[in-house]
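Below: one structure, written as structure tokens.
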Amino acid sequence: MSNVRSDKPFVLAGRTFESRLLVGTGKYIDMEQTRLAIEASGAEIVTVAVRRTNLGQNPGEPNLLDVLPPDRYTILPNTAGCFDATEAVRTCRLSRELLDGRNLVKLEVLADQKTLFPNVIETLKAAEILVKDGFDVMVYTSDDPIIARQLAEIGCIAIMPLAGLIGSGLGICNPYNLQIILEETKVPVLVDAGVGTASDATIAMELGCEAVLMNSAIAHAQQPVMMAEAMKHAVIAGRLAYLAGRMPRKLYASASSPLDGLIK
């Protein structure tokens, strides 16, 4: 029984969350669909792109916070659309002003428009500045275990390696690197990007990830609200399967019922 896993709460920046599904707000047809899908997902943490979303910086325009009130959801501002450390740091500081001094941010610094791979050099620079500036940094990164370790050593509170390209729906492309990151990293690891359907989310959780973040997999589904509910259950199922521990893989069959004592 020494290998039995015990459940631990999902804690970020000193706060405990029940849901291990984090969701984005982009790509929906309107704010009402956004609201309905996020409600169906059961998510408590909702990430928003500060440079693309009105959080109050544009008076007179629809404000996402009217649909997703901060007293109900933890708003996680992100730096989507930033391609260097300077832009990312500036965006995080703007988000802190807009959200009444809240320090929780999702850092992402992209390398190019085509792949949206993270620029890990600029990400490391930005992370170091933001941590020193008092931010609680959750960081989007590659599935390189060494970079993940360096980001954790800088002081990031969560490492968020991609499972596949952003918006690709390719699923968990490199589970082996994710396993190394999970073994070597002492802070929460969340899969970010690449999830396409419920089974992808379950696999990420079965590997041992603390949580999964997604947007396109829900927003681009034929029925986003229904997919949001599917993802809610997929994450729960994956977490339970991880805690339960899967059976060993075997090359040959093993009968469910013993052959001894068969009726003759």
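Glycine is no exception: its Cβ is also placed from the backbone N, Cα and C atoms.
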Per Swiss-Prot, which one of GLY167, GLY208, GLY238 shares the 1-deoxy-D-xylulose 5-phosphate site with ALA193, GLY194, ASN215, SER216?
GLY167
What's the CA to CA span in angstrom from GLY167 (1-deoxy-D-xylulose 5-phosphate binding site) over to LYS106 (active site, schiff-base intermediate with DXP)?
17
For 1-deoxy-D-xylulose 5-phosphate: widest Cα to Cα gap among GLY167, ALA193, GLY194, ASN215, SER216 in Å:
10
